[in-house]
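Colleague: Straight out of Swiss-Prot:
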type	residues	note
COILED	9-101	coiled coil
COMPBIAS	31-41	compositional bias 'Basic and acidic residues'
COMPBIAS	69-102	compositional bias 'Basic and acidic residues'
COMPBIAS	104-117	compositional bias 'Low complexity'
COMPBIAS	286-296	compositional bias 'Low complexity'
LIPID	C381	S-palmitoyl cysteine
LIPID	C383	S-palmitoyl cysteine
LIPID	C384	S-farnesyl cysteine
MOD_RES	M1	N-acetylmethionine
MOD_RES	S116	phosphoserine
MOD_RES	S124	phosphoserine
MOD_RES	T141	phosphothreonine
MOD_RES	T145	phosphothreonine
MOD_RES	S162	phosphoserine
MOD_RES	T243	phosphothreonine
MOD_RES	S245	phosphoserine
MOD_RES	S346	phosphoserine
MOD_RES	T367	phosphothreonine
MOD_RES	S369	phosphoserine
MOD_RES	C384	cysteine methyl ester
REGION	31-160	region 'Disordered'
REGION	247-296	region 'Disordered'
REGION	335-378	region 'Disordered'
Amino acid sequence: MEVLAAETTSQQERLQAIAEKRKRQAEIENKRRQLEDERRQLQHLKSKALRERWLLEGTPSSASEGDEDLRRQMQDDEQKTRLLEDSVSRLEKEIEVLERGDSAPATAKENAAAPSPVRAPAPSPAKEERKTEVVMNSQQTPVGTPKDKRVSNTPLRTVDGSPMMKAAMYSVEITVEKDKVTGETRVLSSTTLLPRQPLPLGIKVYEDETKVVHAVDGTAENGIHPLSSSEVDELIHKADEVTLSEAGSTAGAAETRGAVEGAARTTPSRREITGVQAQPGEATSGPPGIQPGQEPPVTMIFMGYQNVEDEAETKKVLGLQDTITAELVVIEDAAEPKEPAPPNGSAAEPPTEAASREENQAGPEATTSDPQDLDMKKHRCKCCSIM
């Protein structure tokens, strides 16, 4: 019965210690959150006071009601700033005390709360002394604290307290500009890089289990200012927005460039061909597809048809009703055969040209032709009708 009562008491004390530890951790988290909020309010008040002081310096010496209200507001802001600074320092001290109490050594009751299913025999004096030494040694080492604390300035982290290191997956280089008047931080550019083993020379301003932030440039001008977790998250969010905006602008420029190139491809450009001289007789203004010297095509439109049986009606339809018909009879002499007049009424060719053409066509065989053919040529007469 005594063993069961002791085990029950030790179990209750252990549960009570665990509950107190959880309560202390929750209180630490609440105070940290309150500290972050007050730091943000303090920074806002400082930037506001700096802006109001700058506005007062630019106003003329003659005081007005607006300037008096502004000075009164500045005094109230300075008083709030002092109160916030005192509150921030107090919260920092309270958090430090709570963290120190959380890592304090456990009580002897917590260390001796391990249940023993088998009742051990009464220890001898030597064993009692040895047990006391073990308890003292365990009390000197806080429960839950690592025995070997590794401090590293690199993003390499230990895994479960083992000496195996976890390498960084990537690094982000963020260019930040801070307005000295308003205190606002603006991200200029964000570039994702491979992790560099010789780390850039800078000052570490933030570190947790997943991220390490180094201030590379501008530490001499702006001083060393450690960042909080909320500030780091806000900085990463702004960097992501800048990266997305740059990607969107690049895609829009590529689409515009592709549209311009497609329009230039589809629209044929007019080119001037040098080194070609137009001939006087060439037709330069004709329709496309017609070579020089060719007649342009004629467009014919079918207007209908009409059946005509009478010849007079036919002439009337064709417009030949009042035309004059003439017949020309040419009688050739037997000594000098002449060519008849052309049927279309044009001028006859000179006799020399006609004779030479007949000689060229007939050749030497013309002199030895049969007399029957010559008689046929003499007695043949031709007539034509001129309309």
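Don't overthink the numbers, they just go from 1 along the chain as shown.
Including glycine, each Cβ sits where the backbone N, Cα and C put it.
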Colleague: According to DSSP, collapsed to three classes, what secondary structure does T243 (phosphothreonine) have?
Modeller: helix
Colleague: Count up the helix, strand and coil residues in the compositional bias 'Basic and acidic residues' (69-102) according to DSSP, in that order.
Modeller: 34 helix, 0 strand, 0 coil
Colleague: Using a 10 Å radius around each Cβ and all protein chains in view, which of these modified residues has the most neighbours: T243, S245?
Modeller: T243
Colleague: For a three-state summary based on DSSP, what are the helix, strand and coil counts in the compositional bias 'Basic and acidic residues' (31-41)?
Modeller: 11 helix, 0 strand, 0 coil
